[in-house]
Amino acid sequence: MGTLTSCSFTSTLNLGFRSRPNRIDFTDRFRLYGRRDYTYNLWSRELCLRKRHQIVGLDSDNNINNRGLFGGFECSASGRDGDNDGGGSGGEDNDVSKESNFATVSTEETAAGGEADSEKPVAVSSRPPTISPIGPAYNNFQVDSFKLMELLGPEKVDPADVKLIKDKLFGYSTFYVTKEEEFGDFGEGILFLGNLRGNREVVFAKLQSQLAEIMGDKYNLFMVEEPNSEDPDPRGGPRVSFGMLRKEVSEPGPTTLWQYVIALLLFVLTIGSSVELGIASQINRLPPEVVKYFTDPNAIDPPDMQLLYPFVESALPLAYGVLGVQLFHEVGHFLAAFPKKVKLSIPFFIPNITLGSFGAITQFKSILPDRKTKVDISLAGPFAGAALSLSMFAVGLLLSSKPDAAADMVQVPSMLFQGSLLLGLISRATLGYTAMHGATVSIHPLVIAGWCGLTTTAFNMLPVGCLDGGRVVQGAFGKDALVGFGLTTYSLLGFGVLGGPLSLPWGLYVLICQRAAEKPCLNDVTEVGTWRRTAVTVAIFLVVLILLPVWDELAEELGIGLVTTF
């Protein structure tokens with residue numbers, strides 16, 4: 001006679017051990033009851049197998065050892081207690097799940113006594129015991145989360161490949177492996193820690209070529225700084241380790257059709273916001289009812305928007321200038337990426353009614369070979385956009401200082417020049433104290449286009465997340481430096497120290513769209529050189545000067561705008 005054992009772990013999970021002579025069957029007893037119970041069944045199956053090992057026992061060849069038992073055991077799992085529509089084992093199993101919530105048999109007693117006494121009653125407990133056969137006790141949500149991550153997460157590196165690579169790729173002459181850890185965002189890769197036995201660039205190039213010979217194009221090899229290393233490398237620089245990921249996991253996916261559609265829609269919206277900026281720049285010529293509706297908070301009835309149609313044509317030059325800066329910015333990225341064989345995604349322009357555009361989100365569609373490439377490509381776009389914006393700003397100021405160009409001028413509030421310390425000082429030096437120290441200032445539309453372009457470029461060069469500024473800081477100074485720069489930037493934006501009234505919307509945009517740092521390069525260790533670091537430092541300093549507002553006392557002292565109150 002066999003021993004009937006059934007156990008139930010939660011209100012939604014039943015595990016049963018039932019006697020079946022000379023046969024063990026674990027395949028037809030598992031059924032799914034929705035997505036939530038699927039992870040429970042997988043966990044339950046593992047638990048049953050472990051329980052089976054404890055009760056039945058396996059010898060060194062994984063053969064079942066039935067000493068002390070009469071027959072085998074069958075493990076079943078169901079999504080709910082007493083469910084009669086599961087099929088499979090019929091009424092016998094259903095009676096087991098209905099009549100008993102928990103019944104346990106001591107494995108120690110079975111092992112010691114040789115065979116269980118079939119006449120001895122089974123002890124039944126009405127309260128579920130605390131079961132931790134595979135580690136600490138987890139609640140249902142944790143078990144669900146762990147199993148869901150395993151099911152939906154990326155495929156991990158094959159252990160057989162790890163052993164082969166460890167034996168044939170690394171060695172005493174290149175890199176001696178002492179430890180292995182998980183690598184990647186979800187632990188889907190392997191990080192090899194150990195001792196470097198040569199020049200890091202030479203060793204890395206050798207390991208890359210050998211990996212291609214052994215595994216083809218199945219894996220990508222990364223050289224990164226060793227995490228939590230206590231001392232630097234004896235040859236100089238940080239200690240390095242090597243991470244391995246599958247190509248389909250580590251390399252970005254191609255741009256989909258829906259992404260092209262979204263990019264097109266965003267570009268159309270950006271055109272509209274740029275035209276709106278051009279219309280708003282003619283505020284002194286707009287109909288009074290339109291101006292009142294947009295400036296008076298008590299205005300309720302919207303005006304006839306057809307009144308704005310005559311001003312669209314005169315708004316196009318400014319809109320062209322704003323869009324030209326953004327397109328030139330993206331062209332700079334693509335021109336720098338092309339000779340380095342780095343693929344970029346289509347730009348996703350972000351419309352903004354104040355500046356015309358927040359810029360564009362452009363993703364890397366290739367793994368960058370090294371940090372120098374990251375800095376060069378990331379800097380090329382802002383430098384191109386800043387060059388065009390500065391040219392338009394300078395030409396616009398020169399045209400604004402000529403009386404014969406008065407027909408093309410627009411009137412803007414002089415307080416707008418307090419939005420930037422650097423640009424306000426340049427405007428004051430060009431236009432003079434008399435022109436700037438008034439309620440309004442007559443300027444050419446190119447000044448507005450250049451101002452908006454420089455401001456947008458400066459915002460994109462903020463050292464945070466995967467903005468261009470975040471990428472160049474990460475490439476020039478490392479990921480740890482980016483964390484410090486990012487916290488400082490968020491603090492300055494939060495207190496309105498940088499960007500003035502634009503700081504809050506820009507900070508929200510970064511937090512929503514571009515807060516994550518860029519992924520590491522294949523060679524994420526080699527330094528970028530002194531001149532690149534110097535260029536990044538100068539660029540960040542200019543960004544601060546452009547985005548730093550002029551406080552009222554200094555503006556009154558310098559003659560930037562007309563300040564009536566302090």
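Cβ from N, Cα, C; glycine included.
Bear in mind that the values here come from a model prediction, so they are computed numbers and not experimental data.
Residues or ranges marked as region 'Disordered' in TrEMBL: 80-131.
Annotation source TrEMBL lists compositional bias 'Polar residues' at 99-109.
What TrEMBL records for 257-279 (among others) is transmembrane segment.
Under the heading transmembrane segment, TrEMBL lists 307-328 (among others).
Feature annotation from TrEMBL assigns domain 'Peptidase M50' to 319-478.
What TrEMBL records for 348-368 (among others) is transmembrane segment.
Positions annotated as transmembrane segment by TrEMBL: 380-400 (among others). Within the chain, the transmembrane segment (380-400) has long-range Cβ neighbours (under 8 A, six or more residues past its boundaries) at 321, 324-326, 328-333, 335-336, 362, 408-409, 423, 426-427, 430-431, 442-454, 456-457, 460-461, 468-469, 539.
Sequence-remote contacts of a segment are chain residues at least 6 beyond its ends whose Cβ falls under 8 Å from one of its Cβ atoms, and for the transmembrane segment (412-431) they are 281, 283, 393, 397-398, 400-401, 437-441, 443, 447-448, 451, 454-455, 500, 542, 545-550, 552, 555, 558-563. TrEMBL lists 412-431 (among others) with the feature transmembrane segment.
Residues or ranges marked as transmembrane segment by TrEMBL: 443-462 (among others).
Annotation source TrEMBL lists transmembrane segment at 482-512 (among others).
Residues or ranges marked as transmembrane segment by TrEMBL: 533-551 (among others). Here the transmembrane segment (533-551) has long-range neighbours at 375, 379, 382, 417-424, 454-455, 458-459, 461-463, 469, 472-473, 476-477, 497-500, 558, 560-561, meaning same-chain residues at least 6 beyond its ends whose C-beta is under 8 angstroms from one of its own.
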Same-chain residues at least 6 beyond the ends of the transmembrane segment (307-328) whose Cβ lies under 8 Å from its Cβ atoms: 270-271, 274-279, 281-282, 285-287, 289-290, 349, 355-357, 359-360, 384-385, 387-389, 392, 445-446, 448-450, 452-453, 456-457
Averaged pLDDT score, the domain 'Peptidase M50' (319-478): 89
